[in-house]
Amino acid sequence: MERLAGRIILLWGWRRALVAFLAGALAVLGQAPYDFFAACFISFPLLVWLLDGATGEASGSLFRRLLPAFAVGWWFGFGYFLAGLWWIGSALLVEADEFAWALPFAVVGIPFALAFFYGFATLVARLLWSSDIGRIAALAFGFGLTEWLRGFLFTGFPWNAIGYAAMPVPLLMQSVSVTGMIGMNVLAVFLFSLPALLVARRHLRLGAALFVLLASAHVGFGYIRLAAPEKPAERSLDVRIVQPAVDLSEKWDASVRDRIFATLLGLSAKAPDPGHGKPQLILWPETSVPFLFTERPDALTALGDMLADGQMLIAGVVREEGGSAASTDSRYYNSVVAINDRGEITDAVDKVHLVPFGEYLPFGDLLNRFGIAQLVAGPVTFAAGNERHAISLPGGIRALPFICYEVIFPDLVAVDATSAQLIVNVTNDAWFGDTPGPYQHFRQAQIRAVENGLPLLRAANNGISAVVDPRGRIVDALAIDARGAIDVKVPISGQAVVSSAQRRINGMLIMLLFALVGALLNVRQRLRVN
């Protein structure tokens, strides 16, 4: 082990970059669908040893001293995001004749840009670097800070945050209800990096003790919470989730729209599964209705005829506002609408956090001059909604809807979840087929249920549609590409272990604690040297 660490530390040039790239790619095995988190106990010690050797020129400027550490982090991040996000290119192959040219920009360009975050993480860590356990604390702080920044800078994209690798199963998910993702990211990197101390004499026992303590607390809290009796349900809701498995090549084909709509109606109207009552709520996926209701008011009549007394449908739609379909001043929203048993739209919630280049074109007027408008997928460019609110369901239950990747933002969900008893996530991951993408998306939605102590109802066009309880356990689900519907009675009893505000404070305190430890040990080492 010491010989291996020594050889890693002495690497430089392309060899150092290659090992950093491979270490980052290896860390992706800790994410869904692989969930092989043991790989992170190899990749992060490798990163620590690479940073040990990334000292720069001692007589140079601060920039020159830190540049090698930044480069190591960038290469680690490039490997991590390239191996973890390659599936994004699948969306461009759905209409390959039009979008295939952009494949390299998506598959390579996005990881290239995101890698700068991890370069910044290792740069920050190197500023606080010291020997032994101090550098582990510094690295944990650097990644924790960077993962937090990744959640909101440049519109935010906290996909595959390192902390998810420490939560592959419900037993290991419960801690996030207290630490939040901010704290979980810090603690995960710290734990994954501790094996780097196996080659050190000093702090080895302390590192081993901290590893046992933190790992035991992580597992123990999960065991206690899962074993604890659930709070008695105040009420329940009979839910049907529909997964139509519509082929994207037909999604907006006018000649098959009626057939798609008939499929949705048929799955919604079928008899309840044995042991289940009539659904009070039916849930359809994102943009599941293949036309505008302004163009097809008869569709609302058909929905009113299909829904029984007291039933409600929540459906993902493209919603038009401001004119007719031919109007140049019309605005379109990626929305969910609530429809009652009379075929009336009683509520609508528009997607607030749109996907850049996927649902709208940033700096559109400028980029249109360069012909980049065609990067925007789908039939229209969407406008962002102004606010999100809970939808009232039968029985006085309130559900908070999140459309597609909105659910990956912990703070976005936590801010609003206090006003609801259910989290609803509608999505269309069919763009990415049976690649790691839909599994990663589902895992992040699953964690939102645990964080907020609320059941999650998820409808996806081609999967994964599921009901998840407040402790992250999958009650029922439909696999990718399966067509069907699931009926579940959802007890309404969950509540967060701590409030969203307290969870955020806890995470920030954990991050600051590791920054303080790293800084103090760095100062102590400098004083000893001088």
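The backbone N, Cα and C atoms fix where each Cβ goes, glycine too.
Model, not experiment: these values are computed from the prediction.
According to Swiss-Prot, the protein carries these features:
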| type | residues | note |
| --- | --- | --- |
| TRANSMEM | 8-28 | transmembrane segment |
| TRANSMEM | 36-56 | transmembrane segment |
| TRANSMEM | 69-89 | transmembrane segment |
| TRANSMEM | 105-125 | transmembrane segment |
| TRANSMEM | 127-147 | transmembrane segment |
| TRANSMEM | 180-200 | transmembrane segment |
| TRANSMEM | 204-224 | transmembrane segment |
| DOMAIN | 242-492 | domain 'CN hydrolase' |
| ACT_SITE | E286 | active site, proton acceptor |
| ACT_SITE | K351 | active site |
| ACT_SITE | C404 | active site, nucleophile |
| TRANSMEM | 505-525 | transmembrane segment |
Would you say the transmembrane segment (36-56) and the transmembrane segment (127-147) are touching, if the rule is that at least three C-beta pairs must lie under 8 angstroms and be 6 or more residues apart? yes
Checking 8-28, 36-56, 69-89, 105-125 against the transmembrane segment (180-200) for Cβ pairs under 8 Å, the most are found for 36-56
Same-chain residues at least 6 beyond the ends of the transmembrane segment (105-125) with a Cβ under 8 Å from one of its Cβ atoms are 24, 47, 51, 54, 66, 69-78, 80-82, 85-86, 88-89, 91-92, 135, 138-139, 141-143, 145-147, 149-150, 157, 518
Answer key: the stretch among 8-28, 36-56, 204-224 with most Cβ pairs under 8 A to the transmembrane segment (69-89) is 8-28
So C404 (active site, nucleophile), by the Cβ count within 10 Å over all chains shown, scores 24
Counting only pairs 6 or more apart in sequence, are there at least 3 Cβ pairs under 8 Å between the transmembrane segment (36-56) and the transmembrane segment (8-28)? yes
The answer for the transmembrane segment (8-28), taking Cβ pairs under 8 Å and residues 6+ beyond its ends, is 34, 39-40, 42-44, 46-47, 49-50, 52-54, 71-73, 75-84, 118, 160, 162, 165
One should report the C-alpha separation between the residue listed as 'active site, proton acceptor' and C404 (active site, nucleophile), rounded to whole angstrom, as 7
Active-site residues considered: E286, K351; fewest surrounding Cβ atoms within 10 Å belongs to E286
